[in-house]
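Feature annotations, courtesy of Swiss-Prot:
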type: ACT_SITE; residues: His133; note: active site, proton donor
type: BINDING; residues: Ser119, Asn135, Val136, Arg137, Gly284, Arg285; note: coproporphyrinogen III binding site
Amino acid sequence: MTSTNEPIPTEEEIKNGFKFIQDEICKFLITTTGGHQQYSEDKWDYTKGSGGGISRVWEGKEEEGFYLNQDYQSQNNKCDKIEKGGVNFSYIVGSNLPSAAATQFKIAPDTKYIATGVSLVIHPYNPNVPTIHMNVRYFEAGDVWWFGGGVDLTPVYPKLDQVVEFHSTLKKVCDQYGQEENKTSYALGKAECDSYFFLPHRGETRGVGGLFFDHLKSDKAKTWKFIYQLGLSFIDLYKPFLVNNSSISYDKVQREYQLYRRSRYVEFNLLFDRGTKFGILSEGRTESILMSLPAVCKWKYNYKPEENTPEANLLTFLRPRDWLNENQENKN
């Protein structure tokens, strides 16, 4: 199915669009974190074909106890806000699809393929600022093509009104640029996200969800417009958390709980994440694939937070909920 109203995007337009998304998000992160915390840039070449990528990575200071001083954290605007983060752009072209990936996608192994997109993860220092992940991508092999992507939020100390606003912003993007017939509606994307970002061995979701889309292959022009706008929406989605929550003081208990909860993030990425599996199977760039992992995390044996604590409150958020219809009288 093709659109009769809009021109079909070219490979070059899609590539340049993703690069623009990376640039805009990086500008936003630098400005919003005060301008002093810069990323390191790593340009790399795809050795098994042509193309490559640009990885932009933030790694904060590592002094022990540096981010446990409440007065410093709440008053000094020069404090690093991103402990570990990255915004990666890639565009690769190969002449032979790796056999493992070919089997997964039911494509002949000797088929030329193109893969491009932007992937990002931000792990903040402050436990009151959620971790966020976003991915927008395009894949083409022979006559087969599709778009995919999504965004999801992983808070440690969630506030209901902020979670509702996050989902409201996502719904606005879907209402304006998505289509039910193109499988890019908010309802479908949210349901897929709740299902995908689930840890079966823990019986909980990774966070408070968001949107997840994969193998979108209907109406290339409209789907590209949706994916492009979804990528740019990151700024509106994350700005309230980064601006409003970074100045909230926190103590050692909260920092320790943040590190403990990050272990769930690592478990999901290494055990279940399709992007990680595909990257490894397709002999992708390991540094870029594992960029999403936090700098520090902890596991505690059989740990359970005490009842009626902010730490226990998080667990009530880690299940699929109809966020847009939550009772605002029960704000946390």
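Each Cβ is built from the backbone N, Cα and C atoms, and glycine gets one as well.
Positions of the features from Swiss-Prot, shown on the structure.
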| residue | record | Cβ within 10 Å |
| --- | --- | --- |
| Ser119 | coproporphyrinogen III binding site | 25 |
| His133 | active site, proton donor | 23 |
| Asn135 | coproporphyrinogen III binding site | 22 |
| Val136 | coproporphyrinogen III binding site | 27 |
| Arg137 | coproporphyrinogen III binding site | 22 |
| Gly284 | coproporphyrinogen III binding site | 21 |
| Arg285 | coproporphyrinogen III binding site | 20 |
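Here the C-alpha separation of Gly284 (coproporphyrinogen III binding site) and His133 (active site, proton donor) works out to 19 Å. Taken residue by residue with DSSP, Val136 (coproporphyrinogen III binding site) is part of a strand.
Cα spacing between Ser119 (coproporphyrinogen III binding site) and the residue listed as 'active site, proton donor': 8 Å, rounded to the nearest whole number. With Ser119, Asn135, Val136, Arg137, Gly284, Arg285 listed as the residues that bind coproporphyrinogen III, the site has a largest C-alpha separation of 18 Å.
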